[in-house]
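Taken from TrEMBL as is:
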type	residues	note
COMPBIAS	9-26	compositional bias 'Basic and acidic residues'
REGION	1-31	region 'Disordered'
TRANSMEM	71-90	transmembrane segment
TRANSMEM	163-185	transmembrane segment
TRANSMEM	197-217	transmembrane segment
TRANSMEM	223-249	transmembrane segment
TRANSMEM	261-282	transmembrane segment
TRANSMEM	336-362	transmembrane segment
Amino acid sequence: MSELRHRRGDGDGNEKVETAGESDHVDSEEEKVLEEKYVDEMAKSLPQGTDKTPEILDSALSGLSSRWRNWVIRGIFTWLMIGGFCLLIYGGPLALMITVLCVQVKCFEEIINIGYAVYRVHGLPWFRSLSWYFLLTSNYFLYGENLIDYFGVVINRTDYLRFLVTYHRFISFSLYCVGFVWFVLSLVKRYYMRQFSLFAWTHVALLIVVTQSYLIIQNIFEGLIWFIVPVSMIICNDVMAYVFGFFFGKTPLIKLSPKKTWEGFIGGGVSTVVFGLVLAYMMSQYPYLVCPIEYSESLGRMTMDCEPSSLFRLQEYNPPQFLHSVMKVFGRDKLIMYPFMIHSLALSIFSSVIGPFGGFFASGFKRAFKIKDFGDVIPGHGGIMDRFDCQFLMATFVNVYITSFIRTATPQKLLQQVYNLKLEQQLQLFYALKESLENRNILNTVP
């Protein structure tokens, strides 16, 4: 300390730097101790749903062991959720899209609540308000893009909406800048690191939740089958992995989730592949499920009427050599199947091999904050995020798969882009297209 006091007397400023450094070091050590305490307190304060059950079920199952009690509760609410999912499918695309938005908001709330539980302890301002503001801004940008893509023809015919379409991205960026400036003005000395960490927290939550829900809605527009089949595969994999793990599980799979076993992982994977093939075969027969959702100018509304594409028409295939003997038993030389069933194999393999890692990621996140569940909305399961952690990863894969291997340009989508051009550009395109068709003798010219 005598050396430090001597340097302070020199007036060269070095002592102030060293003292600040030591003070920051002490503060950081204190904050680490406090952080451990806050995380423990937060873990106790956040709602946990796995052990939360209705009183009626509690009394009815009081005679069972905790293991079988959890099995029954999970089973009951799993079937209730599957029933609700079937009702939503019956409700059509609009019901599904509204549900996706509601799930998105709830998942975002559950993630942000964890951050808010830490943030609130320090009395720092605006974290929750900023988080919801960025959620609204992100939704405005992403779903605005969807509306322009699928309803561009209608929107461009409405004068007061044309401005929003033309300058959509500029408006979205301006809204984001407002939030960015708001965050900078809310910074509090000494807590900069924590505030920037939670700023990143919000953006990661937006990436995980909002972007994925946007992709899910894009998948719905490609045809309900591109939503129903992948979602059902994840549900099947989750259920069957639990069943196989419950009855046969002995070999631990991953440390992040000690209850997961290799037996459950393999059993769930095989079940998902078989289930996916059967479901794909059944759903490929219904135009309502396979037709993309498009706006019809003649009808003035969205429609799902179409001539099913080649993906959803039965075709003959030469079976692999190892299947020849099996085919002979049934008196067939060729496989007759829908091409979509081949694509369902890719989807089912991803959902059973890579999909569970979305759950492992969520398990690691929860362990970091010493919590068991994201919430308590679903008894026996936890929060909404606990049920949809694998679905978000699957949604991204399906969207990338459609873009890479399935989607082709359609006249209607191209026309919507043409309507976004200026009038002189539309005329230029018209004359260029007309000239090209005439040169190829496709268009009969009138003298």
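Positions of Cβ are set from backbone N, Cα and C atoms, glycine also.
A TrEMBL annotation is a machine prediction, not a hand-curated record.
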Taking the transmembrane segment (336-362) as the reference, which of 71-90, 197-217, 261-282 gives the largest number of Cβ pairs under 8 angstroms?
261-282
Residues from the same chain, set at least six apart from the ends of the transmembrane segment (71-90), whose C-beta lies under 8 A from its own:
53, 57, 61, 64, 96, 99, 224, 228, 231, 235, 239, 242, 246, 378-381, 387
Remote residues contacting the transmembrane segment (197-217) - C-beta distance under 8 A, at least 6 residues beyond either end:
97, 100-101, 103-104, 107-108, 111-112, 115, 118-119, 127, 130-131, 134-135, 138-139, 142-143, 145-146, 183, 227, 391-393, 395-396, 398-399
